[in-house]
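The structure appears below as structure tokens.
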């Protein structure tokens, strides 16, 4: 048990950052043990307390050698500290920076991830964000562990969350995008996409605009590996990527698949992890915090610049191109293209949205810019986001009124609109809370869980101290 106070730790190096805060490599001062510490700003994250609480709950209730170990949490000032196991090998996404992985390495990693998923699914827990960036490695033991439970769900007490639009678009199961009730099989789909990601260096459709990906996944046939991969590997992927979630193999069943049964030991991947002179990756590759799915909207605010960032630090505004270095012979599938019709007959506002969805480039719309400039500097980003979401919703509604849309186009738009509304459902209340005086004192009047009450009480104490000092 590690001490639960900030003075007991020395922060050594930033490992990653995301929507909630920062992850540090840290040393416990007495024992000298190296751990990872996730710091979350409770002032900026107060509206997301449910997600923060969910991660703490999930981690504290896991006891598996293939899941990152949780050591405890405490509040210091306005910051929540979550103490976790540190993995010195970084992430699989970091490993992919040096090239695509061969099937031997992939089978080992997949087997270890399946052990973790089999454990979670046995407790009716869904991870909901399986991808290479959330699979961490140990360079000393070769151990492989699942991390980042910020969007995980407990099926037994979170039925409503099974309809929630969460995760990362490229790895999302069709039923998640379509907002139908989903379960453990959603993780299996993401695992299949991750298998392709490790084989090709990038996930399927990685060069497409994320909005376009959301359209395509439910409407298209599942991705497949090229024929030059082994039949057993291709069959494994197909067992994961069935459009019907009921037809996907379970984690327990996949552990018996020939591709997994033939995998070597975790020690076989250590040589890759210890080649520091080749700079396979460093601590900065351990990105255990990722932007949430709401950041899919970022391309509407900033231009997309392909190829200038790594997929591990994905924020839905850049994408990593395939590395030419190959650790095993593989090839990258060509992008599929969505055709469009009657563009010139559509109103300019509709053509703007269509261009955004159907292309890999996006620029800010004047409506968003003009409205955001009217707000104060404190609320500028929120106002801009509010304006853009309002604009997108009204534009989609206008597009649906166009009688020249084909049945397929109309179905795609309706599916997208439903998903978008889900993303936007809490925006209005958050906007009102941000501009209402003392909103945080009224934000959580409903009954709080023990963790939520602890954080809220600590916040009130610090607020009172601040008022006393200023008074």
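Note that Cβ sites are derived from N, Cα and C of the backbone, with glycine treated the same way.
As recorded in Swiss-Prot:
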ACT_SITE  129  active site, proton acceptor
BINDING   15, 16, 17, 18, 19, 20, 21, 22, 23, 38  ATP binding site
DOMAIN    9-260  domain 'Protein kinase'
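In this view, residue 129 (active site, proton acceptor) is surrounded by 24 other Cβ atoms within 10 Å of its Cβ, with every protein chain counted. Over the domain 'Protein kinase' (9-260) the predicted model carries a mean pLDDT of 86. Using a 10 Å radius centred on the Cβ of residue 15 (ATP binding site) and all shown protein chains, the other Cβ atoms total 25. Neighbour counts were taken as the number of other C-beta atoms within 10 angstroms of each residue's C-beta; across the binding-site residues 21, 23, the minimum falls on 21. Rounded to a whole number, the C-alpha distance linking residue 23 (ATP binding site) with residue 129 (active site, proton acceptor) is 18 angstrom. Just so you know, the Cβ of residue 17 (ATP binding site) picks up 17 other Cβ atoms within 10 Å once every protein chain is counted.
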